[in-house]
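Note sheet for the following structure.
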Amino acid sequence: MGVKEIITVISVLLLLFPSTVKPRAVGGAQPAGSAQSAGGAQGGAQGGAPGGGGGGTLDVVAQFGAKPDEKTDLSQPLLNAWKEACASPAPSKIVIPAGTFLLSRAVLEGPCKGPVDIQVQGTIKAPPDPSHFKDDIWVMFNHIEGFTMSGGGIFDGQGALAWSKNDCHKNKKCTLFPINIRFNFLTNAYIHDITTKDSKQFNVNVLGCKNITFEHFTVTNPEHSLNTDGIHIGRSDGVTILHSEIKTGDDCVSLGDGSKNVVVNGISCGPGHGISIGSLGKFQGEEPVAGIKIANCTITNTMNGVRIKSWPASYPGTASDMHFEDITMDNVSNPIIIDQQYCPWNQCDLKNPSRIKLSNISFKNIRGTAAGKEAVKLFCSAGFPCEGVELADIDLTYTGPDGPAISQCSNVSPKLSGKQNPPICASPAATSPGGQAGPAKASPGGKASPGGQAGPSKASPGGKASPGATA
């Protein structure tokens, strides 16, 4: 089972059976704060708590004793502020002011009685040692409606030590490191002008959400950081990502099973592994993927550009209405890929075709430069050939010594229009790209069920609460 898949399974279990183990104290005693403890430093404040004030602004430093000294744990002051805000029927704002704070862990629970806005103006740092964590949660928001977060602040996962210990590409029982931010079961949420950096695993995991938007959102991880997807989506409906910059060591955006009505527009991606749908079919009961539009993006110096992937010998499923338009590729190794023989580490049954049915797919106005000769690869399932595939105005150049660029196709008869450079489906299919996306992702995200993205094979579906995968 891939890392992403394992993460998905764990995410689902954590949602069903919340941990009761309190985290280790970090940096000495925690400030008492001005409010009663909300169930311990790890449990998170519960929405709907009795009492509650009349809303307004709650400053974690001025009112709850937080200290921007990089030593005193922010966890309890933040949870106490959350408890008060969540209990208020009137709109509330929690302010984390300028400065650098140490945060051991925070689980912020709803439902809340009124809208809550968090203004992160400072930098929040995780403990750098991954052994501090007992699971893959650092910051998590659960079951909240009408949530907003902004302020220009930074969530710093301090992941360098974790990357050096990541052996999931060779160890099926590897340790899963924390995701920087989890958004689980949020409705009508807006996150903007926030940065997440140096995550130990995924930067953001979106699970079971409805109508959530990210805008002017920044992800910064080095290219060598494994399984550090920028934003992973699973089992969610109505996710929008706008005008954002994502640099990471894995997929900039990854979509697991159950992803529906997703718009990604105006994204700068790279370095990383590009923008991926899948991997799909690893787990039984994955939900359909439908209504995906990726447009007006620039992808630079990545392993892949835009990609759809499913496992061979998979469980049955569907993915439809997926559209990629107006995308610029700059030195991208594999700009356009459909890979239904996705098999990282070659540990798959390639004799049996994928049972994921792909349909109604378009690639339009995709231009730029490829870093490899095979600029377009359409490897569809022999058992369930792709249907309704369209390519229009493709112009991808390759200037390597073995050039020019070529395309390869199998089990697909695409509709072609406009410029076709390279000529589409003019060369016989060779070997499937196989897990060219690097080790399959391990799916962190609380994917609630199978579809998700499992790094090495992203686990759980969509929300990564269950096995679904994407690598």
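The backbone N, Cα and C atoms fix where each Cβ goes, and this holds for glycine too.
Looking up the ranges 26-52, 215-241 in TrEMBL, the one annotated as region 'Disordered' turns out to be 26-52. Here the compositional bias 'Polar residues' (409-420) is broken down by DSSP into helix, strand and coil counts: 0 helix, 8 strand, 4 coil.
For His273 (active site), the number of other Cβ atoms no farther than 10 Å from its own Cβ, over all displayed protein chains, is 29.
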